[in-house]
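J.: Dropping a structure here in structure tokens format, bear with me for questions.
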Amino acid sequence: MAAEIRSRSPRGPVLLTKIPGHREQVSAASLIPREDGVITASEDRTLRVWLKRDSGQYWPSIYHTMSSPCTALRYHHESRKIFVGQDSGAIVEFLISEDFNKMNFVKTYPAHQNRVTEVIYSPGSQWVISTGHDKYLVWMCTQSLAVVGRHGFNSWASCLQYDEDTKYAFVGDFSGQINLLKLENGSCTVISTLKGHEGSISCLYWDPIQRYLFSGSSDHSIILWDIGGRQGRTLILQGHHDKVQGLTYVQLTRQLVSCSADGGICVWNMDIDREEAPQWLESDSCQKCSQPFFWNIKQMWDTRTMGLRQHHCRKCGQAVCGKCSTKRSSYPIMGFEFQVRVCDSCYETIKDDDRTSLATFHEGKHSICYMTMDVSRGLMVTCGTDRLIKIWDMTPAVGCSLATGFSPR
């Protein structure tokens, strides 16, 4: 049921295996640490554990049919617990055997009234934390099944990250906001609301060491939120042409790996001093030639001129007209990997070296709807709308080898 395939580019991700078999889209997957195996959850209502056999093919050692489509998955290797979120709103816990050939039902958590979008297990607090289409974040006790706390949003919660030490939860929602919450027994405190995306939040990744939060959105962009550094510092990365569906930060090499719905796999160099994109300035007239914009009725009347459409220079943030921003340029230091509008004066300041890409781009060859990595081994798994699961060796793409930190597979 699997084929061994190698990608053409020696410097890009190496496609090790692709696994067919699911009848509907695969919602989530988890690589099994220190094992040649992967756990998958699908809209076809099946939870499967795939192990690599001596033949080199992956076969399902466990094939379990759920009562409702599987929409989220979390595997905790130390306790061997699997948590599966369902379209019905329930979360089901299983305990898997040491040889990964048997799985026992433990309990069902009645967490949500609608589709579960993300589930996280906190062993320190003994909580199962989840988000759903019912616009709630819920954390429940794994011992008593009691709801410890619940917090509602104006839009349905689409993705979730959690910091075990501080008990901070990061919740992205369909409106494009990210809510930073401090979870407690019975209640939570809203710490901050992060706004910057123009589309819904599709994925989040939290790095507790650097205290970076990365967010991907349907607006095709990625934002780095420096939670532990300078207050309010944000970096925008634009290199995808479709919805960003997966993010992982590789601390060892200071690189960010992202995947999108157009099949793009991007590796970003974050080990440099990047520039923040400027805030867009507001003006009633072009800040270069002083011509009025079309809503500036008074100036149009006084000068007997037609109003112009407003644009913004991506480098300086000034409000400019089309005649003063005829140029396009990439500017990777600010995160713009493809050409964007810049004013003519800023264009003159951009040198050829400034256009050198700070990311590498690779083709996943399927529309990626989910991605996760086992950073310790340099392995990545992608799930596509084609119902395929692909396992990649990412060590050539991130420029790292076993000698510098990745463990043997």
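These residue numbers are counts, starting from 1, taken along the chain as shown.
Note: Cβ is positioned from N, Cα and C throughout, glycine not excepted.
Feature list, courtesy of TrEMBL:
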{"type": "DOMAIN", "residues": "280-351", "note": "domain 'FYVE-type'"}
{"type": "REPEAT", "residues": "19-50", "note": "repeat 'WD'"}
{"type": "REPEAT", "residues": "194-227", "note": "repeat 'WD'"}
{"type": "REPEAT", "residues": "237-271", "note": "repeat 'WD'"}
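Help me picture where these features are in the structure shown.
T.: Per DSSP, the secondary structure of the domain 'FYVE-type' (280-351) breaks down as 19 helix, 20 strand, 33 coil.
For the repeat 'WD' (19-50), DSSP puts the residue distribution at 0 helix, 18 strand, 14 coil.
With a cut-off of 8 Å between Cβ atoms, the residues of this chain six or more beyond the repeat 'WD' (194-227) that come close are 155, 158-165, 170, 172-180, 233-238, 240-249, 251, 256, 258, 260, 268, 270.
Long-range neighbours of the repeat 'WD' (237-271) within the same chain, counting only residues 6 or more positions beyond its ends whose Cβ lies under 8 Å from a Cβ of the stretch, are 12-13, 199, 202-205, 207, 209-210, 212, 214-218, 220-224, 335-338, 340, 358-373, 375, 380, 382, 384-385, 392, 394, 397-400, 404-406.
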J.: Using DSSP, break the repeat 'WD' (237-271) down into helix, strand and coil residues and give each count.
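T.: So the repeat 'WD' (237-271) is made up of 0 helix, 21 strand, 14 coil.
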